[in-house]
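According to TrEMBL, the feature ATP binding site maps to GLY41, GLY43, LYS44, THR45, THR46, ARG139. Under the heading region 'NMPbind', TrEMBL lists 61-84. Taken from TrEMBL, the feature region 'LID' covers 138-148.
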Amino acid sequence: GRCSTQLGRVSNSISRKLTCETMGTPETRQRPNILITGSPGTGKTTLGQQLAERLDFDFIECGKEVREHELYSGYDEDLKCHILDEDKLLDHIEERLNDNRGGCIVDYHGCDFFPERWFDIVVVLRCDNTILYDRLAARGYDGKKIRENIECEIFGSLLEEALESYKQEIVHEMQSETSLQMSENVERITKIALSWKQK
């Protein structure tokens, strides 16, 4: 239910500005930080785990972090899911993303609230609607939640969000429907990450 729950955002920028002097940037990072985004069911977590193992990077599965550390502001009865508190999540992962060593892979089904400076490579996974429907149904999503996510995919909402939030040259759209495509995506992103140069 990414598209339907656009909540008012309470800015916590003052505390973040205080860390500016020590934070990593694309210029100072030793290794790239990677964001993997896409609709639920497109394979973000599987890809993130495989990449982290391949590159020896840290993997941050935001959905899991939100659940385990209660980084939410309430519960959406309509969509049967917790409502993300974006500031709590950002505060929770900021130290890792600001580290000059880099080498973090973040997986989440949204991307416009992360600081642009955190990521050097942004991957948007796409999936055929029929395949996505089956995957979400297998997860036990109800009809309304499936429809909302399928609509997001049809309209390319997350690709648009990524292109509006990050420089176009670092955004990579990839199909994620088969295990072969998953393997190809791992190879492709590994090459991009290993050839990443500090600007």
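Backbone N, Cα and C atoms are what each Cβ position is placed from, and that goes for glycine too.
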Key: Under 8 Å by Cβ from GLY41 (ATP binding site), counting only residues of that chain that are 6 or more apart   = CYS127, LEU132, ARG135, LEU136, ARG139, ASN149
Query = Quick one: largest C-alpha distance among GLY41, GLY43, LYS44, THR45, THR46, ARG139, binding ATP per the record, in angstrom?
reply = 15
Key: pLDDT averaged over every residue in the region 'NMPbind' (61-84)   = 87
Key: Neighbours of GLY41, GLY43, LYS44, THR45, THR46, ARG139 excl. site residues, C-beta within 8 Å of centre, ATP   = PRO40, THR42, LEU47, ARG135
Cβ contacts of GLY43 (ATP binding site) (under 8 Å, same chain, 6 or more positions away) = LEU125, CYS127, SER176, MET182
Message = So, three-state DSSP: helix, strand or coil for THR45 (ATP binding site)?
response = helix
Request  = May I ask you to report the DSSP-based helix, strand or coil state of ARG139 (ATP binding site)?
outcome  = coil
Remark   = Cβ atoms other than its own within 10 Å of the Cβ of LYS44 (ATP binding site), all chains, total 26
Inquiry  = Applying a 10 Å Cβ distance cut-off over all chains shown, what neighbour count does THR46 (ATP binding site) have?
reply    = 17
Inquiry  = Going by a 10 angstroms cut-off between Cβ atoms, which of the binding-site residues THR45, ARG139 has the sparsest surroundings?
reply    = ARG139
